[in-house]
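For reference, TrEMBL has these:
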{"type": "TRANSMEM", "residues": "29-52", "note": "transmembrane segment"}
{"type": "TRANSMEM", "residues": "64-87", "note": "transmembrane segment"}
{"type": "TRANSMEM", "residues": "107-128", "note": "transmembrane segment"}
{"type": "TRANSMEM", "residues": "149-173", "note": "transmembrane segment"}
{"type": "TRANSMEM", "residues": "179-199", "note": "transmembrane segment"}
{"type": "DOMAIN", "residues": "191-441", "note": "domain 'G-protein coupled receptors family 1 profile'"}
{"type": "TRANSMEM", "residues": "211-234", "note": "transmembrane segment"}
{"type": "TRANSMEM", "residues": "254-275", "note": "transmembrane segment"}
{"type": "TRANSMEM", "residues": "296-319", "note": "transmembrane segment"}
{"type": "TRANSMEM", "residues": "339-359", "note": "transmembrane segment"}
{"type": "TRANSMEM", "residues": "380-401", "note": "transmembrane segment"}
{"type": "TRANSMEM", "residues": "421-443", "note": "transmembrane segment"}
Amino acid sequence: MNDELSLIKVAYVIHENPISILSIIQNQLIRYVSLVLLVTGTIGNILNCFVFTRRCLRYNSCSLYFFATSITNSIGLYCAFIARVLITFDIYATSSQSSVYCKTRTFFTYMPLSASAWFIVAACADRFASSSSSARMRSFSQTKVSQRVICGIVVIACLIWAEMFTSILSIIQNQLIRYVSLVLLVTGTIGNILNCFVFTRRCLRYNSCSLYFFATSITNSIGLYCAFIARVLITFDIYATSSQSSVYCKTRTFFTYMPLSASAWFIVAACADRFASSSSSARMRSFSQTKVSQRVICGIVVIACLIWAEMFVCFNGNANGTTCAPATPFCNTFNNFNLLISYSLLPPIFMFIFGWMTILHVRHRPINRQSSLRGRQLTILLIVQVVCVTFLSLPFSIQKIYLQFTANQMKSSQRIEIENFLGTVATLIILSNTSMSFYMFTLTSKVFRKELKPLLLFWSQRRADVEPIQSTTRTTR
């Protein structure tokens, strides 16, 4: 009798208010189904990872796709279900964190799910390639190809789903500018100072190639401070005064881009110097002299100043000093092309041409090992610098070309925010070239380390000598 009454009551409640009952059922489904999927998914994905990394499977290209799928499924599983389970227990993010939490959780739910689906597509393509009768087609079914494809899919998926973050990209951008700039300022200051000391050592100061490296360190220091100090101050809401904003904007921009452009052409001149020094022609080798290097350095500085003098006309700051940008669309286009041609496009091309011709000279000319040791080490330094300049300027070049081709398109606020964020990242990458040379030289060149070691020993010895004198003085007092 009691069972019949309870059933009647439930039927009555469902009849009178079916929506509330459905919401209760939905809540319970989310809670318990999510918990079941969390437990089974965790166990399953962990076991998948262990199985696909066993010795007999880890070197199989298709297994790599399954392994990557298990990883992304695990990320999507936790981001999708943990939040849903917590909501059924009335546990929410705090109001101050809700926006960031929502966007982050949504991104790490949909991005891994999308990537895992494309991993399966890639695995299907891998099986198609491995079953082909063509040897060239079968060559695509390799682990190294799988690794590249997996990385490519992850990058593309991140770019596609980055629109989830549009409103917090400005916050991330601000923090990147602040802390990356500070790190590059400190490391760049130390590196460029030590570069200057090393390249003015007795055994290097009279070498024509060393002069170009010394000039590069000087211009990198100027560009480093003009580029990063202003960026760091802006993140702390410190701007130029309204009366100084226009002059400050023009001057800072000029002393950012002019030294960067000059330093790139100093590396081109160093490549030409190595080409001349490796020539079999005595007349050509006569160009590899310090007096020639000094004239070339002066010429590059003068030409760079003339090229970038347009900054004093084309750039302008607003009244409150918060922005510093091209004054007109024409100035913006001209500045982009100027930057592409004079810094990120032509210098790498000339570096490659002179580098290739130097290699041809070295192959066809017998070299005295004893006399050319320092020259070979300087050539290694040059190759390292060329690689750094080329690869670090590549993202910036791509971004500028993209902006130029899409300048007349109608863009949403989200797209503009994403473009600004990627532009900031590309700018930080290209400006990091002002800080990295010393550390790359130290890692790759024995001669550089040999000249650096006495400097460090001298400073440490001098410090050790000063401390006893100070302690003796205190005792006497």
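Using N, Cα and C of the backbone, Cβ positions are placed for all residues, glycine too.
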Would the transmembrane segment (179-199) count as touching the transmembrane segment (254-275), i.e. at least 3 C-beta pairs under 8 angstroms with sequence separation of 6+? no
Chain residues outside the transmembrane segment (380-401) and at least six past its termini with a C-beta under 8 angstroms from it: 209, 213, 216, 264, 267, 270-271, 274, 336, 339-340, 343-345, 347-348, 351-352, 355, 422-423, 425-427, 429-430, 432-433, 436-437, 440-441, 444-445, 448
At a threshold of under 8 Å on Cβ distances, which of 64-87, 107-128, 149-173, 179-199, 211-234 pairs most often with the transmembrane segment (29-52)? 64-87
If we skip the immediate neighbours and take only residues 6+ beyond the ends of the transmembrane segment (149-173), which ones have a Cβ under 8 Å from one of its Cβ atoms? 64-65, 68, 99-100, 103-104, 106-107, 110-112, 114-115, 118-119, 122, 413-414, 417-418, 420-421, 424
If I count Cβ-Cβ pairs under 8 A between the transmembrane segment (211-234) and each of 64-87, 107-128, 179-199, 421-443, which range comes out on top? 179-199
Select the range from 64-87, 179-199, 421-443 that forms the most Cβ-Cβ pairs under 8 Å with the transmembrane segment (107-128). 64-87
